[in-house]
Structures are given as structure tokens and as C-alpha cells.
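Asks: Straight out of TrEMBL:
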{"type": "DOMAIN", "residues": "17-113", "note": "domain 'MSP'"}
{"type": "REGION", "residues": "115-134", "note": "region 'Disordered'"}
{"type": "TRANSMEM", "residues": "158-179", "note": "transmembrane segment"}
{"type": "TRANSMEM", "residues": "191-215", "note": "transmembrane segment"}
Amino acid sequence: MQQQHRQPELVEGSLPVFVFPTELIFYADDQTSHKQVLTLYNPYEFALKFKVLCTAPNKYTVVDSTGAVRPQCCVDIVIRHRDVRPCHYGVYDKFRLQVSEQSQRKALGRKEVTATLRASASQEPPSPRPQDDERRIKELADSEFFEQTVLHTESRPAAGGPSLLTVLLGLVCMVALMLPTLGEQESTVPLYLHLSVNKKLVAAYVLGLLTMVILRT
């Protein structure tokens with residue numbers, strides 16, 4: 001009688017999670033560093049769903065804090081630091097990425113990523129003393145993680161009225177269309193304000209695009 005082999009059921013918390021990088025460093029004087037990207041890899045033959053938790057959710061914006069990763073694919077998770085103040089310099093926070101199968105609720109695996117804010121990239125932080133390192137490790141181990149509950153709405157700016165730049169550009173296009181065309185003789189407008197037909201066509205095209213943008217907002 002042929003023995004039937006079964007794939008062992010995955011135990012909660014036993015699945016390795018592959019995330020890069022494992023540490024996020026933000027610099028207060030470098031705005032480009034205020035946006036970091038975590039890449040979550042799924043090397044397995046089944047799809048995974050993920051959730052991002054954080055010890056300080058009020059300091060960060062996580063775009064798409066929940067989602068899914070197809071088999072042998074990866075997803076980028078954008079994290080923005082939104083509270084860059086001196087009182088947060090040198091403070092270590094943690095993100096926890098939990099993954100599970102699509103049909104299950106239990107977390108099959110988790111990975112933690114540290115995050116810290118520094119004043120400047122040119123200033124290396126002082127080397128911590130061994131006792132400070134031990135205390136920080138203990139504090140991180142005992143940290144409580146919270147869900148990012150309002151971040152899906154923050155990933156897309158709220159719909160409002162048209163921006164001032166859009167309105168000003170639209171007014172410029174309207175004025176350009178009202179100016180006389182190059183070659184008109186009976187006009188009191190100075191010659192240097194006469195526009196060619198091509199320039200007026202461009203102004204009309206831009207005005208049409210701006211009108212569509214204003215109507216959508």
C-alpha cells in the first residue's frame with residue numbers, strides 16, 4: 001500500500017518573512033529621506049496577505065498598510081515620516097509586517113523593522129554604551145504594536161477645489177486667446193502682444209485640459 005505524503009501544516013509564526021531593508025533611517029534635514037520604501041518578497045507557491053503594524057503610528061504614514069502579494073512576486077510599501085521634530089531625534093520605533101495565507105487569519109510569519117530619525121546625514125550618532133544598547137533592545141522587545149487604521153485615506157489627497165496655480169494658468173490662457181492675432185492691422189494693442197495662430201492653438205488646448213481638471217475636482 002502506497003503511503004500518502006502530506007505537506008505539514010504551517011505553524012503560526014513559523015513562516016520566514018523576507019523584507020528589505022531591515023532598518024529605516026530618516027534625516028530631518030533631507031526631505032527626500034522622509035519617504036522610505038519597504039519591499040516585501042513572496043518566494044512561496046501560494047499568495048500571502050500582509051498587514052503593517054507600528055509602535056508609533058501617529059509619527060508615520062504607511063500607504064496601503066494591508067494588502068496581498070502574489071506567489072513569487074513582491075510589493076513596495078511606502079512609509080513617510082510625518083512628525084520630524086527634534087524631540088524625536090534618536091528615538092527608535094518598530095514596524096512589524098505580519099503575513100498569512102489568503103484563506104487564514106492567523107499570522108504565519110512576522111518580521112520587524114526598526115526606524116529612527118536623525119538630525120543630519122553628515123552627523124554620525126554617538127556610539128551607545130553597552131548598557132544603553134541592552135536597555136534599547138529590551139524596550140523594543142516589549143513594545144506594543146498598533147494598526148495603521150487611517151492610512152488608506154491619507155494615501156490619496158482629499159478632493160478639494162482647483163489649486164491657485166491651475167486657476168492662474170487658466171486665466172493666462174484666456175487672456176492669450178483674447179489678444180489679437182498676429183497680422184491684424186486694426187488694433188490698438190501693441191504689436192509685441194499680437195500672438196500667432198499656433199500660440200493661440202496651444203493656449204486653447206491647455207485651457208481645455210485645465211477645464212477637465214477643474215471639473216474633476
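Cβ atoms here come from the backbone N, Cα and C positions, even for glycine.
These figures come from a predicted structure and were not determined experimentally.
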Asks: Do any residues, 6 or more residues outside the transmembrane segment (191-215), come within under 8 Å Cβ-to-Cβ of it, and if so which ones?
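Replies: Counting only partners 6 or more residues beyond its ends, the transmembrane segment (191-215) has Cβ contacts under 8 Å with 162, 166, 169-170, 172-174, 176-177, 179-184.
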Asks: If I take every residue in the domain 'MSP' (17-113) and average their pLDDT values, what number comes out?
Replies: 91
Asks: How many of the residues that make up the domain 'MSP' (17-113) does DSSP mark as helix, as strand and as coil?
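Replies: For the domain 'MSP' (17-113), the helix, strand and coil counts are 10 helix, 55 strand, 32 coil.
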